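Chemist: TrEMBL lists 2-118 with the feature domain 'PLAT'. Marked as Ca(2+) 1 binding site by TrEMBL: GLY17, ASP79, ASP80. Positions annotated as Ca(2+) 2 binding site by TrEMBL: ASP39. The annotation site 'Essential for stabilizing binding to COTL1' is assigned in TrEMBL to TRP103. Under the heading domain 'Lipoxygenase', TrEMBL lists 118-674. Look at TrEMBL and you will find HIS368, HIS373, HIS551, ILE674 tagged as Fe cation binding site.
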Amino acid sequence: MPSYTVTVATGSQWFAGTDDYIYLSLVGSAGCSEKHLLDKAFYNDFERGAVDSYEVTVDEELGEIQLVKIEKRKYWLHDDWYLRYITLKTPHGDYIEFPCYRWITGEGEIVLRDGRAKLARDDQIHILKQHRRKELETRQKQYRWMEWNPGFPLSIDAKCHKDLPRDIQFDSEKGVDFVLNYSKAMENLFINRFMHMFQSSWSDFADFEKIFVKISNTISERVMNHWQEDLMFGYQFLNGCNPVLIRRCTELPQKLPVTTEMVECSLERQLSLEQEVQEGNIFIVDYELLDGIDANKTDPCTHQFLAAPVCLLYKNLANKIVPIAIQLNQTPGEENPIFLPSDAKYDWLLAKIWVRSSDFHVHQTITHLLRTHLVSEVFGIALYRQLPAVHPIFKLLVAHVRFTIAINTKAREQLICEYGLFDKANATGGGGHVQMVQRAVQDLTYSSLCFPEAIKARGMDSTKDIPYYFYRDDGLLVWEAIQTFTAEVVGIYYEDDQVVEEDQELQDFVKDVYVYGMRGRKASGFPKSIKSREKLSEYLTVVIFTASAQHAAVNFGQYDWCSWIPNAPPTMRAPPPTAKGVVTIEQIVDTLPDRGRSCWHLGAVWALSQFQDSELFLGMYPEEHFIEKPVKEAMTRFRKNLEAIVSVIAERNKNKKLPYYYLSPDRIPNSVAI
């Protein structure tokens, strides 16, 4: 009688093993086997991290094996099991791989296909077509769209983390409990004693060191020592936490009535302000999005305030970017003066602090939350709903949506919800952050997620004109490496553009993103369909780059740049000044966050800057969804390209007082998971 050697690999994460009964059936072209209990006498099968082998003898020849069915039945208590893969050695000596990388919960079953990636057109056998269809039908019931707030991109239909399908939950929920992590952070930072001191102001700038010096690093310490300098202020627009707002100013806006006479002492080329604009030396950052947003009112004992500044910057003769004019609100007028470097020291300093605070709000809510977290979740939900596990695009992208839906669900449960942690320290808490996202969605376009296009649209693409824009330089290297890789994978499975156009599952995936994620907004520029291999490669690059590199660039520097509170105040306790010559250092300190809010803020930026314990970085694909040699070779080339980029960045950073490493591939996680 024919005999098969079955090898079963159990996951190595927490609670992956099982004591339940595991049954296996084989479905071949010539027949189906009986159910076989996989069990060795006097042996603990399916332990965490184990790879177990079994001999399965069948009554008759089964032909070519098409499916493997795994059933789990209760032994004592319900016991989830994480199955990595199964391999079969056939009676003829052939090996067949069946990737799984999924949980089997309760008294459940999973039906697996072999690991060769297949488009729908490749499946001619009825049983395989049926399996493909059933998998998507099941997933579409599990992964449902939901509107969390009007105007937001749609998210997963789940009230809390435990409501999610088991396959996309965190291995251990403790590791991503925001309340726990923030509390731990404050304990690690030795700031617990200040935590409850809401409404209590610091004495002076140096007083902030009480919550800072216990844990510091090269960049954060440098920020503390140089935050008042114009050079440090300007540098952050290029290489800080939010390097996506600065744009070349091609025409001075009417709402900022600044003149050459006002800024003459800042201009170094003996040109008028208008001439400097024409020469491309003037840059602008406009926080118009914040205009009219409601400030946090959740604490009746503390008034909190927002501003919507416009900041004009200048590229000096050393090619460094410095601020030359700041207006703190959008409508010019006597009570909205334009602050200048030539003003009194504390006038100018407070104006810059207001810009830094506004930048923090836009960074957290738009650059970080909306444009990486929420967008990546849209890609993730659409992926699970429309692409079966056998599809090459599913195999390519699944690593890049790992834990994304889970972290966002946890955030909606604890962080950005009503009365959540976000409300504790942020002036945009209490609903302002929701208003911001609703506004910003209108400007969320596909082209703005295409990194090279986004850089060019802001006039920031010239390395000669703007030589110190490391976010741009490193981002372009990583974008190109990802695009080369995706183009290779697309070329393996799609022989021409027609195959792309006729792949209905792919088209359904793209349409789901457009219709549900982008709410069918034509102005978003998101494609409703994809008709060429080149456009498919670009689309896949957008998905991977957004989830990996873009998120890394705007997330993991938060402790570096925001831990020195005066450099990134999460709230301001007095309104913006309406006149010059009246600001004192005491006023500034009383405007900055109180002790309690400072501690919550510090705990947040520390916790958000940490990598996951089991972090997987760009180019790492330990789950072998692909088994074909050409794809594995493409992955090897991808890793080599990324390693070369790591070396280039390391060389550039040598001896730099402010190294830029957020886009070094060895520091870019595969997915948005924190």
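Positions of Cβ are set from backbone N, Cα and C atoms, glycine also.
Structural setting of the listed features?
Modeler: Here the Cβ of ASP80 (Ca(2+) 1 binding site) has 17 other Cβ atoms within 10 Å, regardless of which shown protein chain they belong to.
The Cβ neighbour count for ASP39 (Ca(2+) 2 binding site), using a 10 Å radius and every protein chain shown, is 13.
Cβ neighbour count for TRP103 (site 'Essential for stabilizing binding to COTL1'): 21 (other Cβ atoms within 10 Å of its Cβ, all protein chains included).
Taking a C-beta cut-off of under 8 angstroms and a sequence separation of 6 or more, ILE674 (Fe cation binding site) has the following same-chain neighbours: VAL176, ILE407, ASN555, LEU608, GLN610, PHE611, GLN612.
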Chemist: Name the residues of the same chain, 6+ apart in sequence, whose Cβ is under 8 Å from the Cβ of GLY17 (Ca(2+) 1 binding site)?
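Modeler: When sequence neighbours closer than 6 are ignored, GLY17 (Ca(2+) 1 binding site) has THR10, PHE46, GLU47, ARG48, GLY49, ALA50, TRP81 within Cβ distance under 8 Å.
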Chemist: Within 8 Å of the Cβ centroid of the Fe cation site residues HIS368, HIS373, HIS551, ILE674, which other residues of the same chain have their Cβ?
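Modeler: Going along the sequence, the neighbours appear as LEU369, THR372, SER376, ILE407, VAL554, ASN555, LEU608, VAL672.
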Chemist: Below 8 Å Cβ to Cβ and six or more residues apart, same chain only. Which residues does that give for HIS373 (Fe cation binding site)?
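Modeler: Spatial neighbours, sequence-distant, of HIS373 (Fe cation binding site): THR404, ILE407, ASN408, ALA411, HIS551, VAL672.
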Chemist: Return the count of C-beta atoms lying within 10 angstroms of the C-beta of HIS368 (Fe cation binding site), excluding that atom itself.
Modeler: 22
Chemist: Among all chains shown, work out which of the binding-site residues ASP79, HIS551 has the most CB atoms within 10 A of its CB.
Modeler: HIS551
Chemist: Considering only the binding-site residues ASP39, ASP80, HIS368, which fall within 10 Å of TRP103 (site 'Essential for stabilizing binding to COTL1') when distances are taken between Cα atoms?
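Modeler: Checking each Cα against TRP103 (site 'Essential for stabilizing binding to COTL1'), the hits are ASP80.
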Chemist: Note the Cβ centroid of GLY17, ASP79, ASP80, the recorded Ca(2+) 1 site, then list each other residue of that chain whose Cβ lies within 8 Å of it, in sequence.
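Modeler: Leaving out the recorded residues gives PHE15, ALA16, THR18, ASP19, ASP20, PHE46, TRP81, TYR82.
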